[in-house]
Amino acid sequence: MQLSEYVRSPVKVQRCAGRVVQTELIVQVDQRDVVPGDIVIFEPGDLFPGDVRLLTSKHLVVSQSSLTGESWPTEKTADAREDRSTPLLELKNICFMGTNVVSGTGTGLVVSTGSKTYISAVFSTIGKHKPADSFEKGIRHISYVLVGVMLLVVTIMILVEYFTFYDLSESTLFGISVACALTPQMLPLIINTSLAKGALAMARERCIVKSLSAIRDMGSMDILCIDKTGTLTMNRAIMVNHLDSWGAPREKVLHFAFLNSYFKSDQKYPLDDAILAFVYTNGYRFQPSKWRKTDEIPFDFMRRRVSVILETESNPEGRNIQPFYRFIITKGALEDVLKVCSYVENVDMGEITAVSAEHHHRILNVVEELRNEGLRIIGVAIKNLQQTKISKQNMENEDDVESDMVFLGVIAFFDPPKDSAKEALWRLAEKGVKAKVLTGDSLSLAIKICKEVGIRTTHVTTGPELEQLNQEAFHEKVKKATVLARLTPSQKLRVVQSLQSVGNHVVGFLGDGINDSLALDAANVGISVDSAASVAKDLADIILLEKDLNVLVAGVEQGRLTFGNTMKYIKLSVIANLGSVVSLFIVTLVLRFEPLTPIQLLVQNFLYSVGQIAIPWDRMEEDYVKIPQKWSVKSLPMFILWNGPVCTLCDVATLLFVWFYYSSGGKLDESFFRSAYFIQGLLMQTLIFHLIRTEKIPFIMEIASWPVLASTVVISAIGIAIPFSIIGDFMGFTDLPLSYFGFLVVLFVGYFTVGQIVKRIYIVVYKKWL
């Protein structure tokens, strides 16, 4: 804190001084001392200390990339008059805290500072704890149910044990053992192993998973919101046309645009590279060696154009008396090129005419049509400089040189969609993931790109339109729209929250700009790229090392595999644990002794839990990964109610068989029954997984993965061998006759048959009525 006191960010402020006679003074104060009501004076390089209403401005250009993510600066002017429909970040007379002056000067009135500024209000929600999703809520509810059942059943069993044997310590120990058996101890291990396995699989697809829970959420994701730039498109310009002011292709326009891009010594921009590439690849021979550059007026953000002065030798036919020709060639933003043009060339008539209102209107109509097709436009103009006049020209006076020019036409560029985008979106749609485009670009450009990649554009909207809607109409519009353009950061956030809360969707958001940070933070799955802004990467759950949507398809599949295997364990543990505890309760009441001692119960539970470690390596059915998977409030309880009693019936059948077949004089040997019950319970809990993991017939129509099969065989073999081993003698077991194992074969065949019938009835009933 003491070191920070030495770091000052001085701001020029106009303030009044004097007690009697006040005088306006310009003083420098630290940025932290600026208050609303101050009049600040700013120059190139200055940061705005708060939200500012411009009072005066001169050629003011401001970078708003910290808010919009767009690198291209914007012009600001104090004289602008805006209406309420203008998006906030497009206001020409307002400058925001966190933005900076690129060029020009001005003064402004500080409207708000600190936490009341736009940037503070917008980003104040970042980093807050996300509310629990349906999966987390479901796990919590299941846990509450298990705790409730545990407290009830264990209390009753302790009381029954105590009033039967009057041994409080033994009864309490047995009750605690039952509570351990009821607890799904492997749940954290299964969930995190499944998620880590998914993260490793996505790492092989060149993805960095920062939040493991995001993999599970990808399995439930049914809407993917994506930004257009760099995600659907290649994020580079390709030249597609060169037109005159009538909208007809003209080589002369291309010729002079090429000469401008070829000879400019200032930094080459992507548009220059696109022009040069178009000329070279299409076989044009403009022979730049016959031209020589004599001067240049570089690009700046106030003029938004670049000019070069070239000269070439006279016509070889000798028709002209001039020894050489000298031209100024100007290229740049269309509006700024038209400002310096007084003439327009009519190639068909072979004449140059003065620019009229009709000409101006026609040029704007041609450009509007091109922009509606999603093309970016720049203008091209020339001026023939006579040698006698050019020597008198003062090149430092740019306004005199760039004046009375002849408008030739326009060059059109396009940011093409990626080859992989259309295929990836089609594959996502096949898996039930709908794509919505949320962009700050113009609507026409967004529609053009979306049509190229196969996104439907029947329902589209813009940020200003959404601002005019009430809450209900806003939600309805967001629900239907597939393309939402001209959105501010806060509007992107509202759209994501609307889809989550009203539509009950699991939303993924793919963005790479600072303006995407709010939506990335709010989405269930925030996805960014390695080249994104730092704040976007910090808030993202998954970072793509390549801007390719096909990687997300693999992520969705991994997410559904992870979700499916986790749900297998939850179903297995709840059904098996509840069924076994209910069976223990019934057997204790009937036999009046403990069906398993505490150590036997804990060993059985330990072996059963170890066998479940292989669940994350199981595979899912092909139909399962085709649709988004969500936690169903109705599905799991109904599944338990239908399938749980079948386990209890098998335990009761074992009790009846051993009682009637192996009892002597109405008495049953405790060691014999515990040995039989131990093996039957362990095999039941091990084999039940194969029944609930698939809707098909297990071992016939659908077979588990080899790690699961190996785990089943090993645990079953160990469980059967224990009663016959030295360990079994120590635990109080006794040998079992071969006839009992014959009974187990019949029992499990019957269990799988009845279980499959019950499962099919449940599936039909649940899908049809519930």
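For all residues, glycine too, the Cβ spot is worked out from N, Cα and C.
The feature domain 'P-type ATPase A' is assigned by TrEMBL to 19-124. Residues or ranges marked as domain 'Cation-transporting P-type ATPase C-terminal' in TrEMBL: 594-761. The transmembrane segment annotation in TrEMBL covers 144-166, 172-196, 569-593, 599-617, 638-662, 674-692, 704-726, 738-758.
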Task: Tertiary contacts of the transmembrane segment (172-196) (same chain, 6+ residues out, Cβ under 8 Å) - done: 139, 146, 149-150, 153-155, 157-158, 161, 212-213, 215-216, 561-562, 565-566, 569-570, 573-574, 577-578, 580-581, 584, 594, 597-598, 601-602, 604-605, 609, 612-613, 615-616
- [ ] Report, as numbers and ranges, every residue of the chain located at least six residues beyond the transmembrane segment (569-593) whose Cβ falls under 8 Å of a Cβ in that stretch; write 'none' if there are none.
- [x] 139, 142, 146, 149, 153, 156-157, 160-161, 164, 178, 181-184, 186-187, 190, 608, 612, 615, 636, 639-640, 643-648, 651-652, 655, 668, 670, 673, 677, 681, 684-685, 688-689, 692
TODO: Work out, from DSSP, the number of helix, strand and coil residues along the domain 'P-type ATPase A' (19-124).
DONE: 19 helix, 44 strand, 43 coil
